[in-house]
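Student: Annotated active site per TrEMBL: E:Asp125, in sequence order. As annotated by TrEMBL, substrate binding site applies to E:Leu74, E:Cys75, E:His76, E:Met110, E:Glu111. If you look up TrEMBL, you'll see E:14-147 marked as domain 'Molybdopterin cofactor biosynthesis C (MoaC)'.
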Protein chains: 6
Amino acid sequence: MSLSHLDEKGHAHMVDVGAKAPTRRQALARAEVRLAPETLVLLAEGGLPKGDALAVARIAGIMAAKRAPELIPLCHPLPLSAVSVELSLSEGGVVIEASAATTAQTGVEMEAMTAAGVAALALYDMVKGVDRAAEIVSLRLLEKSGGKSGVWRRG
Amino acid sequence: MSLSHLDEKGHAHMVDVGAKAPTRRQALARAEVRLAPETLVLLAEGGLPKGDALAVARIAGIMAAKRAPELIPLCHPLPLSAVSVELSLSEGGVVIEASAATTAQTGVEMEAMTAAGVAALALYDMVKGVDRAAEIVSLRLLEKSGGKSGVWRRG
Amino acid sequence: MSLSHLDEKGHAHMVDVGAKAPTRRQALARAEVRLAPETLVLLAEGGLPKGDALAVARIAGIMAAKRAPELIPLCHPLPLSAVSVELSLSEGGVVIEASAATTAQTGVEMEAMTAAGVAALALYDMVKGVDRAAEIVSLRLLEKSGGKSGVWRRG
Amino acid sequence: MSLSHLDEKGHAHMVDVGAKAPTRRQALARAEVRLAPETLVLLAEGGLPKGDALAVARIAGIMAAKRAPELIPLCHPLPLSAVSVELSLSEGGVVIEASAATTAQTGVEMEAMTAAGVAALALYDMVKGVDRAAEIVSLRLLEKSGGKSGVWRRG
Amino acid sequence: MSLSHLDEKGHAHMVDVGAKAPTRRQALARAEVRLAPETLVLLAEGGLPKGDALAVARIAGIMAAKRAPELIPLCHPLPLSAVSVELSLSEGGVVIEASAATTAQTGVEMEAMTAAGVAALALYDMVKGVDRAAEIVSLRLLEKSGGKSGVWRRG
Amino acid sequence: MSLSHLDEKGHAHMVDVGAKAPTRRQALARAEVRLAPETLVLLAEGGLPKGDALAVARIAGIMAAKRAPELIPLCHPLPLSAVSVELSLSEGGVVIEASAATTAQTGVEMEAMTAAGVAALALYDMVKGVDRAAEIVSLRLLEKSGGKSGVWRRG
């Protein structure tokens, strides 16, 4: 059996991106976490029992971006040139925006999505002692750029 | 400075659970992923370009439960006695239910939540080539049991 | 002591590949697992108590390829452009073929070997409850290409 | 859907060991690596270009035992009380014996198997520059003890 | 070869702690990082270009405590019941105190030491753009308790 | 919110190195561990109860270099082309020198520092049973080269 004949049966496999051009690629994802009003007050005042939830969630998200290929079975490992995670208080909870960038043969959507998703999970961990019903109500890609398919923005 | 004086300033820290009794603890979390109708058809027929999305997401979720303490900064490491992740097709997408169990001094909510969340992220990775706008529309705890606070069920 | 004088004593070290040209590199490895006839029947019929062994082994192998530099002390970390793991039933067991590809300064033999080896270990985990004597009877490199030494095929 | 109803469909899942008694459990695995005669001489004389292969393989194996639950999808995480990996030169290559022990609700066969297997992979990495055709010709469990099923020894 | 005969040759191995009693064990470690006076001012005023160095170092240290068995080859994996990392500004730099606690068969010195050490490394990463000569001038155990050897305090 | 507007508030984030040129970059770090005279004798004679401390520390350091981006929150993941760790006995203890090299858009100071630091921690783990007061008395960067800022050497 030669190299080129593997996978012909359509099983799960990491797609070969070896023929793609390395280009600058970026992605932006957003997570929204709904919190009880009392939790929002504690969060804003720094009164949560486990400590500074926003700093913990931000750093957890940044670190998770780097672990995306370990967590997501068919995600390609690649060098990241930038990651950022921002959290802001909204009326009913917290909005998390995560961006990732690379110069590589494949995109960084999963890095941005994983950063936003794990930041949201870490935030849940910080508040669950006082707000077990807190819920991640959205985790989605907002935009991506780079590569053959160019720019995509959520409509 | 003695051991007992650390953390008095309220910074982020991993709460001491050393005085809690080790009891059987379980948690159940659910994620919901909204997919385009065409994606659901491809999923049901096994026609996705990256392969068997449900098996990949299930295994990614199970493996992620074991990595929860690495991903979530203040989550305690503990031995897991059981993890399962089930995915089922719903009208508008996929429902993922993840459960975790342990006999330990602290609960497994984050293990169940991480399993459901990473399974949802892995599912997104499997479909994003054909459905970039797919969205995780909910990730939440359904129930937990064990420990001092006993059984909790989402109302 | 200057940078160039380290390692002159011949201790274990990660060889400097900085002067090599980044070229397309591929490797193909094979593992063979010998199973009891009854186990092969259970495997073929999907009757194993722990679930779908082939899917679990395939995904474990793909994920392990990405962890090769963590597991193998002197293995260089590099971006992988493709990984695939195929399992097929043979007369006395299961044959696993794993391929890996990259464009980098060093080869991907260890990624392919680790993928095949960990897939075999995961398969053993899935069957050991019914077939503790199952044995990995071969794990070897079949071919590699790319780099200064060009193509090598097992004779 | 209640906790007890998950997995009824027989998909891959981590078996619930929560009802098992924690007992002392041990396992012993063996890997055999076949090397070219010239490689054996280099190994015995400490002349391999990448350095001390036996020390590297031993430590890689010990460290891999601790990573078994990360690598093997349905393997339970557990505290290990002991791990050892011994390598000895045989007529045609190297014999690796790995043992693991714990006091837990489930066995450590996969920890011992993973230690032996990764030690063998690390050994291959150390010699492959001079002996690409080196082959792992066996990786198998030799014995286990502890738990309900008691002692098992390969016949 | 039986289980009991491994390691008789004195090679590196993870000591068997299976016969020890699980008791409450704690450890406290300290790292000291010397910074330039201008760096201390930037740190105190929150003016470092990479952001909030103290929060990043604290969380890095807590997370590293959980990875100690992955990093330190012969360190036993164990469940941690508490970890905390505190940083305070001193006259010439930053003092980091890290504590860890468990109920287990072996101590948590390495978890505390690793937490303090990685917090110090993370702090260096945050300041190195403005203070490349910053130096970790001490990393040491201050005290430990629990187990057969009881309480130890640095004289 | 567009990609370029994230982080304007100065929170912790991984700096964008996407506009930097990939160049050959190297770094050299040193750790010094002070040991009791009796420990030095045991080390020199190979008489430590946990086995060969120098080999364990060397390999731990090399492997840790590859984990730097996992441990240090804002450290960029990058392919390493070389890592080496050398330990030598000095009058009062052990000197560890770690070097790392890459061709990338950002430097490898943290890889070298992490290698030296974790090697020192692993060495402490090997001796702490006989020398709990052993101390890492210095961990610092000696030199770096490559990139816009060119060569830096500790004065």
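Glycine is treated like the rest: Cβ placed from N, Cα and C.
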Student: Please report the DSSP secondary structure of E:Leu74 (substrate binding site), reduced to three states.
Tutor: coil
Student: With 8 Å as the upper Cβ-Cβ limit, not reached, which of the binding-site residues E:Leu74, E:His76, E:Glu111 neighbour chain F?
Tutor: E:Leu74
Student: Roughly how many Å separate the Cα of E:Met110 (substrate binding site) from that of E:Asp125 (active site), to the nearest whole number?
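Tutor: Pair distance, Cα basis, whole Å: 22 Å.
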Student: Which number gives the other C-beta atoms within 10 angstroms of the C-beta of E:Leu74 (substrate binding site), all protein chains shown included?
Tutor: 22
Student: Summarise the domain 'Molybdopterin cofactor biosynthesis C (MoaC)' (E:14-147) as counts of helix, strand and coil residues per DSSP.
Tutor: 47 helix, 44 strand, 43 coil
Student: Any idea which of the recorded positions E:Glu111, E:Asp125 has the thinnest Cβ neighbourhood at 10 Å?
Tutor: E:Asp125
Student: How many Å separate the Cα atoms of E:Cys75 (substrate binding site) and the residue listed as 'active site'?
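Tutor: Each residue's Cα considered, E:Cys75 (substrate binding site) and the residue listed as 'active site' end up 26 Å apart.
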Student: Within 10 Å of the Cβ of E:His76 (substrate binding site), how many other Cβ atoms are there?
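Tutor: Other Cβ atoms within 10 Å of E:His76 (substrate binding site): 23.
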Student: For E:Asp125 (active site) and E:His76 (substrate binding site), what Cα-Cα distance in Å is obtained after rounding to a whole number?
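Tutor: With distance taken Cα to Cα, E:His76 (substrate binding site) is 28 Å from E:Asp125 (active site).
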Student: Just how spread out is the substrate site if you go by the largest Cα to Cα distance in Å among E:Leu74, E:Cys75, E:His76, E:Met110, E:Glu111?
Tutor: 13
Student: When C-beta separations to chain D are restricted to under 8 angstroms, which of the recorded positions E:Leu74, E:His76, E:Met110, E:Glu111, E:Asp125 qualify?
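Tutor: The recorded positions close to chain D are E:Leu74, E:His76.
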